[in-house]
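Below is one structure; the comments refer to it alone.
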Amino acid sequence: MAKEKFDRSKSHANIGTIGHVDHGKTTLTAAISTVLHKKSGKGTAMAYDQIDGAPEERERGITISTAHVEYETDTRHYAHVDCPGHADYVKNMITGAAQMDGAILVVSAADGPMPQTREHILLSKNVGVPYIVVFLNKCDMVDDEELLELVEMEVRDLLSEYDFPGDDVPVVKGSALKALEGDAEYEEKILELMAAVDEYIPTPERDTDKPFMMPVEDVFSITGRGTVATGRVERGQVKVGDEVEIIGLQEENSKTTVTGVEMFRKLLDYAEAGDNIGALLRGVAREDIQRGQVLAKPGTITPHSKFKAEVYVLSKEEGGRHTPFFSNYRPQFYFRTTDVTGIINLPEGVEMVMPGDNTEMIVELISTIAIEEGTRFSIREGGRTVGSGVVSTITE
């Protein structure tokens with residue numbers, strides 16, 4: 001069978017299903033892929049058990065089960081992630097193994113919002129999932145229209161509580177199971193849901209269109225030419241002649257001009273996100289720049305030392321700690337290319353954190369580093385990873 005050609009003319013977005021256990025996330029995922037395949041003949045119709053039997057993957061030493069499903073609407077191509085267990089969601093969202101441009105929150109109309117509904121909304125907020133669309137599932141089991149309205153209001157209030165625009169979020173009522181069984185009325189609801197997703201979740205800005213940033217991996221000097229910083233361009237583009245800022249691990253940011261861009265020993269006019277390059281920097285001494293700093297477009301990213309984060313602590317089985325840790329614990333925080341020591345403060349009422357738990361915490365680093373909300377990091381102890389986290393708010 002010939003491989004289907006990937007249609008680049010359509011925009012692409014990464015989404016996922018979130019919500020409480022047994023509210024119908026996987027059934028909905030199967031229903032979306034099936035209904036869209038039936039409508040356009042494109043993509044693959046996935047059955048529930050194909051999605052539910054997701055293989056385990058290891059992402060930075062953390063074991064996660066995730067199902068990856070792809071499908072397309074008339075205007076967009078989607079990569080959709082669905083996780084079998086609650087712990088998999090927590091790990092997935094915190095490590096960024098599954099980056100989501102938006103999420104479909106599945107709430108059973110028969111049960112209303114439950115503890116994990118709340119937890120997934122909070123996680124979405126903390127890890128920076130920007131948009132949520134709601135699917136009220138199992139509506140075929142609820143006869144009372146008023147009850148449906150009540151559940152919808154509850155979900156909207158819950159979203160508002162975590163700073164999502166609860167009043168404006170699209171809410172679609174349906175039944176994933178009925179749609180999967182081929183009931184035309186409920187298939188229509190799936191199309192209505194995807195129309196809402198198409199419209200409400202904006203096409204993400206591509207990495208190449210964002211402002212330039214490159215973490216410095218290595219530095220060396222070329223006699224007669226100057227200092228070269230090497231690394232992989234994380235986002236944006238850099239051209240010969242561009243002014244860049246060197247950020248982190250120093251009192252003041254310094255500016256310099258890129259006088260040459262090299263890749264695979266060849267000279268380039270410019271480099272973009274994904275390229276592994278060497279950037280020749282004007283007037284920068286070998287000791288003025290080091291691994292762990294970043295080069296960035298001036299004024300686009302700032303150095304910080306204190307932030308709030310959402311963290312997953314590896315279990316003993318994943319190679320993590322065997323014992324809990326407490327406030328004032330001082331591990332290394334590995335940002336992009338380097339370790340920086342930091343002190344942890346746990347939230348009020350949290351005595352300690354056990355291996356396998358996830359928690360919010362405040363971190364204070366001993367030196368500043370270029371960070372933003374959404375920056376990912378690992379927590380390490382003597383070179384082994386004991387946790388994975390994401391910056392949720394910067395405090396100073």
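Each residue's number is its place along the chain shown, starting with 1.
Placement of Cβ uses the backbone N, Cα and C atoms for every residue, glycine included.
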Of 137-140, 181-184, 221-224, 249-252, the range Swiss-Prot labels region 'G4':
137-140
According to Swiss-Prot, which stretch among 54-57, 82-85, 142-145 corresponds to the feature region 'G3'?
82-85
Ranges 19-26, 35-42, 371-378: which does Swiss-Prot label region 'G1'?
19-26
Looking at 61-65, 156-160, 386-390, I want to know which stretch Swiss-Prot calls region 'G2'.
61-65
Three-class DSSP secondary structure - Cys139 (GTP binding site):
helix
Pairwise CA distance, Cys139 (GTP binding site) versus Thr26 (Mg(2+) binding site), rounded so that it is a whole Å:
16
Intrachain neighbours beyond the region 'G1' (19-26), with Cβ under 8 angstroms and 6 or more residues off its ends:
48, 51-52, 67, 82, 84-86, 105-108, 111, 113-117, 120, 137-138, 176-177
Most crowded position, judged by CB atoms within 10 A, among Lys25, His86 as binding-site residues:
Lys25
